[in-house]
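Since the structure comes first, as structure tokens, the remarks are kept for the end.
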Amino acid sequence: MMMRPKEVRHFLPLVAGVVDDFVDRLGSKIDPVTQQVSLLRDEIAKWSLESSAMVCFEKRLGCFDGGSGETWAGKMVEANKQIFLLSGLLKFSLPLYKHFGTPKWKEIVRHEDFFYAEAMRLVRETISKIRDAVDKESLEEGQYSFMTYLLSRGELQEKDVFILTLSLFADGLSTTTPAALYNLYCLAANPEAQEKLKSEIREKVKGEVTSETVENLPYLKACVKEAFRLYPVGTEVSRVIQQDLVLSGFHVPAGTHVDLSPSVHFLSEEHFEDAAKFVPERWLRDKSYSTPKANAHPYLLTPFGFGTRMCAGRRFAEQDLYLLLIKVLQKYDLSYPTDEPELGQKYMTLLFPDRPVRVLFSRKHSETNPNAMWLSGRGMWFTYVFGVFALHIFLLSIPFLSIPWAWTLTNITHDIAMFVFLHTVRGVPWMTLTQGKESSMTHWDQIDYGEQFTASKKFITVIPIVLYILTSYYTNYDSFHCFVNFMALLLVLVPKLQSWQQNPKQL
Ligand code: HEM
């Protein structure tokens, strides 16, 4: 049951919002020194889970909110990873697990019980919300469209609705996740193709990404196809032959189980010129890559299978991948460490990257918002403390100022300056960079690209508290000084607490 393109496009704005948040949050996950994201696979998996939840349940699960939603998502991702790893190991072990519960079998059952119980809970919650809304006649048109569509199909029983929704919710985790990693890797390792794709995106994507925009990006689609050719996710497409066939000169009787392994013909020089190279041009209709055997036959590439049993989630997966690549490349330049060998694949029921994918993300120069990262280096923390100290020494050196007043003035000046610059000024007024969300965000909210409770934000919260304690001590806890300094402290703490309360997640 494959969804029609129009039905899949309906979800584009919902999943595009998830990609926006994911790409924003990526900023705070990139190590400023190595430019890499540790556990990139898990980050991408959380995005895939959040995106599927938006389609199935029209609900944000908070898979990258840094709080309980993210902890839950981490457990789901880990359970899914273990299920695929252990299933792969069992497939090639003695089939003892078929007769009694071997340790690996029990382990799989434990992970599956957890994963599917959680997914079923979400399906049940959504069905009961839909029924409530129908009873109260408050269900809006287009709301919960995936599940209302399934529920409205007379031929489907409730258990079918559960199975189809579970599949849509869970399948992307083990398929779209590695496919996204392979695409990022291929573009990072092939700067020329990446540059061509970026110029296509620069030229054709203006403002919001719509389904029409995506349709108009042939090079993007060619890149995704080529990544599937070099790094297919599945190991085989299986069929039981319905009638006698002759395949490559061999007689194959009806009823035989035949596996077609994409890794063989996708990488065959017989079919593809420079088969080991990433050449998206071979999929372009304009035949710009014009060497013999260059423009491959479209039916050679079947990463989603073919025919009536082809992948039911193909269009969702492609839509997710296109959006992810557009939005990542709008913000980052990708590269691959020169000392790192080419990426390989390892079997875990499906084909996953054989090691952590070390893509380097560097912010495009024109997109760099200095407000977001200036505090992320420890050198800046030292400079900040030194600046406050220098202000204090200057005030102490004014002859008529007593020591208590020098402390109080240091504290008040610091807190007022912090209030004005961090909590009142919005956007990046001293720069002409394209300001999207930043234009309405205070400097405080922009720090670490909106991520809350980061080390920099904790540092900048602790500073006025420490300064207040020192000032109270050096003013001998005089009640007037204490009062004035406390007011100054409130001036900078209250907006931070408000911001944490209003934006518990990243913005
Ligand atoms: C990059 C992502 C994906 C790849 C490469 C992929 C690949 C495949 C392949 C090769 C098949 C077997 C097709 C055949 O035998 O002809 C398949 C089947 C299937 N896939 Fe996917 N898939 C992906 C994502 C998804 C997603 C996101 C979903 C859920 C929405 C999904 C749901 C399914 C289902 C339900 C089937 C069984 C279809 C049937 O037997 O009728 N897949 N997929």
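Quick reminder: no glycine exception, Cβ is built from N, Cα and C everywhere.
Automatic prediction, not curation, is the source of TrEMBL annotations.
Looking at 315-334, 455-474, the range annotated in TrEMBL as transmembrane segment turns out to be 455-474.
Within the chain, the transmembrane segment (455-474) has long-range Cβ neighbours (under 8 A, six or more residues past its boundaries) at 375-376, 381, 384-385, 388, 403-404, 407-408, 410-411, 414-415, 418, 422, 444, 447-448, 481-482, 485-486, 488-489, 492-493, 496. DSSP classifies Cys311 (heme binding site) as coil under the three-state reduction.
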